[in-house]
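Notes follow the structure.
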Amino acid sequence: MVSDLEFATLTEPFRPELLAHCYRMLGSVHDAEDLVQETYLRAWRGFDRFEGRSSVRRWLYKIATMACLTALETRARRPLPSGLGAPETDHQVTVAARQPEVPWLEPAPDVMFSAGGDDPAVVVAARSGVRLAFIAALQFLSARQRAVLTLRDVLAFRTAEVAGMLDTTTAAVDSTLRRARAAMSEAGAVPEQLAEPDAVGQRKLLDDYVDAFTRADADALVRLLRADVELEMPPTPTWFTGRDAVLGFLASRVLHPGRWRLEPARANGQPAVVIHARTDAGGYRPYGAQVLTLTETGVARITSFNDPRLVPLFTPA
């Protein structure tokens, strides 16, 4: 019987990348955490039967993937507003009511994938393939297509290894992968051809955005937003495209001096901000988080997740 210490020594280094894998599959960090816990419980119970024919890492991925596939049998896909309907170009439209009952896609703070040590391979596996646009596109795939695509194209497991994880044939894996790639292409999930600023440029643009948003400075935001900027705000299904529409909406319905406190962060491998809203008593309460797509020519996309439950995720335990 393996001891707790031996089991932890062998398996804990893989927790961050397994969390990222479950997040890719489920589109929710809360669900992903639950499935990682389930993975480790199953692994602990079955460790005496592990024969060492594969690596511990591949064995854990098999358990995690099968757990996710089972969970997805009873879960709906998690969309963003842009995956449900066309954008608005007039900021004066009636904004649809919030739909908290919809299982919206959730952002994933980078800090969640960085608690597993300094092994470069583990860090790469945890942080690859988590950009928000990619995770949103995965929602258009069947559960099995998600599994095959992420195991092959993100994590670079060999076809035979994936077949072993899914208890299927290499021919079935290849067929599923072709369909998954075609569906991703049809959904527009091609690598973003947006030139991003370097680290210094990103931080300056992010700081300027935080400053302008906090001060409710519409003129400053005009200089920061691209002409084709997009804004979506789950759980509100209405979303906007175009600088005039986005800025018009923000200026008329969101921006007020002193109303918001924004703290720079990172999520999905992208710049982000954690948002607190001012209360009537003068303090601040958790409000949500924004994930930003920044380019050399300005802010290209603002995805504002207006859910206070997300705020604690950005603070490491």
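Going from the start of the chain as shown, residues are counted 1 onward.
Heads up, the Cβ atoms here are built off N, Cα and C, so glycines get one too.
Here is what TrEMBL records for this protein:
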type	residues	note
DOMAIN	12-77	domain 'RNA polymerase sigma-70 region 2'
DOMAIN	132-184	domain 'RNA polymerase sigma factor 70 region 4 type 2'
DOMAIN	207-293	domain 'SnoaL-like'
Inset, instruction - Determine the mean pLDDT over the domain 'RNA polymerase sigma factor 70 region 4 type 2' (132-184), rounding to the nearest whole number. - result: 97
Legend entry - DSSP residue counts for the domain 'SnoaL-like' (207-293), split into helix, strand and coil: 26 helix, 42 strand, 19 coil
Legend entry - Residue distribution over DSSP helix, strand and coil in the domain 'RNA polymerase sigma factor 70 region 4 type 2' (132-184): 42 helix, 0 strand, 11 coil
Inset, instruction - Using DSSP, break the domain 'RNA polymerase sigma-70 region 2' (12-77) down into helix, strand and coil residues and give each count. - result: 53 helix, 0 strand, 13 coil
